[in-house]
Every structure is written in C-alpha cells, then in structure tokens.
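Comments concern the structure below.
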Amino acid sequence: MDILFYKVFRNLYIKNIIFKILRLYKNYSKKYNVFKNVEQYKLFKDKEYLVKMEWDMNIEIPINLIPDNTIKYLKFGKYFNQPIKSLPIGVELIDLKYSLNFNQNQFQIPITLKTLILNRDFNQNFTKLSNNNNDDDNNNLSLNKVENISFGRDYDCLIDETIFSKSITSIKLSDSFCQELDDRTLPKTLTFLEFGWTFNGYLKIGDLDGLSKLRVLKFGVSFNTEIQCNVLPNSIEKITFGSSFNQVILPNSLPRNLRILKFGSSFNQPIFPPPSSLSSESLPNLLKLKFDSSFNQPILPSSLSNSITRLEFRSTHFNQQLSISSLPKNLKYLGIFINNYSTIIEDNDNNNNSEFLKIINILN
C-alpha cells in the first residue's frame, strides 16, 4: 500500500491534480459564494467543489439543479420568499436568518440536515417538519436528523420538547423569547442552551429537570434574576451571564461540575468566604473565572475555589489588593489591567512577590 502511494504521489501530473482539488475545496470552504440568478449558478464551473453557497434571489431552487453531496452550507438571501422543497442530499446547514419569510408548511428538510437557523420574523407555533425522502413514516418525525436549531429574532411562541428530534443537542432561543419554562419545554438531549436578549424569567425548581446532558448555558443581555438552589442541572460545565446580571450568588446555587464561569459587565456583588458559592466547597471543579468591567470587590482568603487556574479582573477600576493567601492555590494565570497593577500588589506583607509576579498577565 505504501509503495503504491509513493508511486502515485511521485507522479507530478497526478500530484498537481490532487493539490489543485485540495486548493479548490479549501477556497470554497472559507466563505459563501453568492448567486443572484440561476444562470450564474449554471455557468459556475466548479460546482462540484462548492461547500458554502448563498441563494440570493427570490426564485425557488429548481429540482435537480444542485447536485447531491456537494453543498454543505446553504444560506438564503434577504429577498428569498419561496417554498423550499427540492434541496439536495448532503446539505448540513440551512441559514434562513435574513430571508423574508419562512413557511414551515412549504419546507421539506434534507435528511442530512444538522443545523437550522430560522429567519428573524418567524413567530408561529413551531410544528413538525417533514423531510424530503417521501417516506410516510419519516414524514411524521420532526427534524429527525437536526442537532442544532437557532430561532429568529422575533420568535416568542410556546415550544414543546415533542417538536424536536431525539438528536437535537443545541438550541438558541430568540431575542424576543420570554415564555415560561417547565420540564416539558426543552428536549432532554440538550448539551447547549442559549437564551436571547430579553429573557429575564424566574427559573423555578423543576423547570430544567431532565436536562442531565446540558453542558453549556448562556444567558442573554437582560437576564437579571436570582438563581435559586437546585435549579440548574449539575451536569453544566460552563455558564455565561449577560451584561445586566448583578445578583448575589447564593450558596450551592451553581452546579458543582462547573468548570468555566463568566460574569457580565454589571456584576459587582461581594464574594464571601465559605459557604460562598464560589468557594471550593461549592465549586470544587471550577477552572476559569472572569469578572467584567464593573467588578470591584475584595477577594478574601478561601472565598474562591482552589481549583481555579485562570482568573481575570477585566475592570479598569478594580483596585482591591490581592495576596497569595487570598488567591486560589492552583492559580496559574491572573489577568489585570496595567493601570491597576501598582495598586493591586503594593505593600502587602502576605505577598510572596516572586511567586505573585509569575502569574500576573497584563490585559489589553
């Protein structure tokens, strides 16, 4: 096998063809190629190498125009307002974000589809979609291969876990979504959940029950509601709070398996010693912690989990003194701004300056 490979690869003609094909695939994978009329696509000479394509016209895609197993990422332009019924097999992502309309009754998904991005104006009760393989059994299944779905800007309708397939792992809710959640709202297979801009709902015990596979949780800009104990699944490893969040972190309100925690620009709450929710007792697995632009609170000994290896203070006016004794024992990276440098480390008898200086990094 190796001998055959070297014989083929040493043939300059074949070698040049291989590299040409690789270059074409690489070039057409970087950005979307925009087509504004059907004739432009027909005349395009490298169709078989296209990976990303934007259909920027208000014309239904003709049947069999696009060969199967070529396009993987298909985006529809802002003028598109037609039924979607003849998409090729092989499409893994459909982006309708900027299209004029989405009629779920005139949309058949390719059986290979993994990611669906809905358009901004879509705000109808989301029902079951069918695929385009004309199989009656499969036509009764909703999004039977889709793993990721992103709702458009205006979507604010009730959702139910039964509309999603068993393969769904990621949901991004719309900026307008403000519906109450319960244990039947979201599919149990989720590993990623992102709330939109306006969501500020009170999460109750049981609302997220069953999401035992959830790993990443992102809150939107407006979220500023206190997190109660036993509400968030312990499976969560990363939480990002939006810019409005400024609530006291109650003991045991954050998942014990949390590894990454990022606060937004408004957060400026005291960080208490144990049983504080940021201490080793509550978050024994926390590795990365980031405070943002408003934070300016003292860091007391044992108030932060000793498991933390990376700690950032991204506030230009953070001026609390820090010492080795107040920082996590496993800390390898401490990020601060240059204008706070002298204030933070000056004249502290508890500081072992040689150790302290090794971990300090100046943020841009």
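Positions of Cβ are set from backbone N, Cα and C atoms, glycine also.
Record features, source Swiss-Prot:
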REPEAT    57-98  repeat 'FNIP 1'
REPEAT    155-198  repeat 'FNIP 2'
REPEAT    214-244  repeat 'FNIP 3'
REPEAT    245-271  repeat 'FNIP 4'
REPEAT    295-340  repeat 'FNIP 5'
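Contact between the repeat 'FNIP 3' (214-244) and the repeat 'FNIP 5' (295-340) is not supported, since fewer than 3 Cβ pairs fall under 8 Å when only residues 6 or more apart in sequence are counted. Note on the repeat 'FNIP 5' (295-340): its mean pLDDT in the predicted model is 89. Residue counts for the repeat 'FNIP 2' (155-198) under DSSP, split into helix (H, G, I), strand (E, B) and coil, are 3 helix, 6 strand, 35 coil.
Counting residues of the repeat 'FNIP 3' (214-244) by DSSP class, helix then strand then coil, yields 0 helix, 6 strand, 25 coil.
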